[in-house]
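TrEMBL lists B:23-40, B:56-78, B:110-130, B:136-154, B:159-178, B:184-203, B:215-234, B:281-301, B:332-350, B:362-395 with the feature transmembrane segment.
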Amino acid sequence: MQYFVQQLINGLTLGSIYGLIAIGYTMVYGIIGMINFAHGDIFMIGAFTALIVFLILGALFYSVPVVVALLIMMIVAMLLTSLYNWTIEKVAYRPLRGSFRLAPLITAIGMSIALSNFVQVTQGPRNKPIPPLVSQVYTIDGISISLKQIIIVIVTIALLAIFWYLVNRTALGRAQRACEQDRKMAALLGIDVDRTISITFIMGAALAAVAGTLFLMYYGVVVFSDGFVPGVKAFTAAVLGGIGSLPGAVLGGLLIGFIESMWSAYFSIDYKDVAAFSILAIVLIFLPSGILGRPEVEKV
Amino acid sequence: MAATVSSERDDVATPVQRAFREALYAGAISLGLFVLFIGLRTDQNISNELILVKRWGLLAIVVGAVTVGRFLYVAYAVPAMERRKAEKAGAPAIVAEPGFVRRNFNKIGATLLILYPIAMVLAFGFQGSLKWVDNFGIQILIYVMLAWGLNIVVGLAGLLDLGYVAFYAVGAYAYALLGTHFGLSFWILLPAAGAMAAFWGVLLGFPVLRLRGDYLAIVTLAFGEIIRLVLINWREVTNGSAGISGIPKVSFFGLMSFNVSDPNYIAKVLHIAQSGAYYKIFLYYLILALCFLTAFVTIRLRRLPVGRAWEALREDEIACRSLGINTTTTKLTAFATGAMFGGFAGSFFAARQGFVSPESFVFLESAIILAIVVLGGMGSLGGIAVAALVMIGGTEILRELDFLKAVFGPDFTPELYRMLLFGMAMVIVMLWKPRGFVGSREPTAFLKERRAVSASFTKEGHG
């Protein structure tokens, strides 16, 4: 039982990170119906930015309180990563809006390749390890919970709350939901569609940057190719939960996290990704639009 | 890359003024993007700690280049392009008769491909031609074949497949395993590998039949990853990430061999000097023949009921179903046929390399193949071949640019920039020609006269 709860906690941590990335996929898909393949690499850019900010802080000050350091890392990563996603949307996706469906997918794949190789070229291909930021571990009843995990879960919950408020309670969120339902009608009613889409990309990138910072804090290492696997898994999570649905993305992320940690704990760690992907395929066969997704209504 | 930062209010500003403002914006944005990534570099010191190395000079150069580039683009390139467009629109539209090269593009292309190794041998000698035939010729043709195979699934049937590399892997491992363990010949295993890949295509096809569009894409991607992960982890059979080496070479239809130690080694049989180039040239013609086979089958299939059904499925699945076409078998045949050619290419790849490992079958390969199909213009064989030549040939050439070392210093390695430039080229080509190099489609069925259909009028299927 203790072992099970332990795995549950590990899964929750992992799932929180996937969920944060998955929201970016699902929002972009919801609003412009496109798979933003570069989103995984945006996450990696976020983690790398946090790493560099951490090193700058270390070089400038003798010692910084961990909380302050984490906050600064997160904020700078959010700003710069948003700038990346904003620029990418402007340069690579916007000119192709209204073009045929595969065109933005190809530019997104191109951007993904370009981003990860840009980091490889500028920062080198090696693993970048940092000393552990927080190392406290609490043991309750034989179950050990590290402070890192608590931070990840708390930050995720806090961000989700803010995010939920933004989407459901503000004019911006209303505009977003309107664009999602009918872009032309939204434009006719005076919503700046381009601006709304840009903001969607910025929001997705900001969450991915937080996920990147948390990832760096949790694993203590980042490398240029780190965007791909978490990116694919987060996308899997978004599809699993029903792409276009925000609670679905979080649910999907948690599910993927649980599946992964349970599978590694009870079966074979080698096949954990195989398990995650197989479950995706199985779920989609029985629930073709994901768990919380709206079924696609086809009009002839 | 036309990112417009300005809004309507600068209608009054002259192009130069506007360009100046946009250049400043571009400079500021690029400063923000690059300040941490180019301005600083994380390096490990002797005690394995990360330290930051400052590169402000390089940062200044890059930001300056972006600013100046944006200024020139907005101030001179955009007005020039608009002027030309206006001139074109003003002039009476003449439908130019396609020139000699255009009309006979396929024949000329095929002839050039057949003559290519001979020209290389004449130009560089047997030893010198190795690089050109192997690194360029064979490498590009493998991608041409893969892209033509994927074209059946994506271009004809309109099913978005992001895991095509899985079938390539199935073909490669089928030949590698059966060839090394049972000593079977390439000529038996080539069809076997194709059949096996087709079988996997059907196997994948069944569960995803109900899925549409992007769901299909993600499941095929997952399938590709599953195959790769199984190849890595099933060590008893596949030898894990270490891969399988010592894969037997292809023989000249069993008559002559390309192993120097064999009694029927080609040089001994024909009494000519020993050279590794014979094998490469033979492989070149082999893959060329396989490519022609793929093209031939594609062209013929398009005229058969099943090919028409594919294209109908791509255009409109509901209409297709209401006309009584069995969409299940139609999708499955598309998957199987596409996978079969992937399997052929895979077994050829294993024979050519003599070594396979899961490293060669990563998602990036699927992405590259899909990119070639889309960049070439989906459904157009000629366009896809041109796209493969440009994208794969272009990145291969980067390996050869040693003279750049003289310009950028001895530390400069052009290979490093290969994939970076590849990714950027994908974006730029797509922005420049969103419909691919060949933006029109030849109709297979027509009334009285054959008219090219602009691709803008055709739809891409949603799965």
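Using the three backbone atoms N, Cα and C, a Cβ is placed for every residue, glycine included.
Unlike curated records, TrEMBL annotations are generated automatically.
Keep in mind that this is a model prediction, so the values were computed, not measured.
In this chain, the transmembrane segment (B:23-40) lies out of contact with the transmembrane segment (B:281-301); the count of Cβ pairs under 8 Å, excluding pairs fewer than 6 apart in sequence, is fewer than 3. Under 8 Å from some Cβ of the transmembrane segment (B:159-178) lie the Cβ atoms of residues 146, 149-150, 153, 184, 186, 189-190, 192-194, 196-197, 200-201, 204, 213-214, 216-218, 220-228, 231, 237-238, 244, 247, 331, 334-335, 338-340, 342-347, 349-351, 356, 358, 360-363, 365-367, 369-370, 461, 463, all in the same chain and six or more residues away from its ends.
Note on the transmembrane segment (B:56-78): residues 2, 15-16, 18-20, 22-27, 30-31, 34-35, 38-39 of its chain, located 6 or more positions outside it, place their CB under 8 angstroms from a CB of the stretch.
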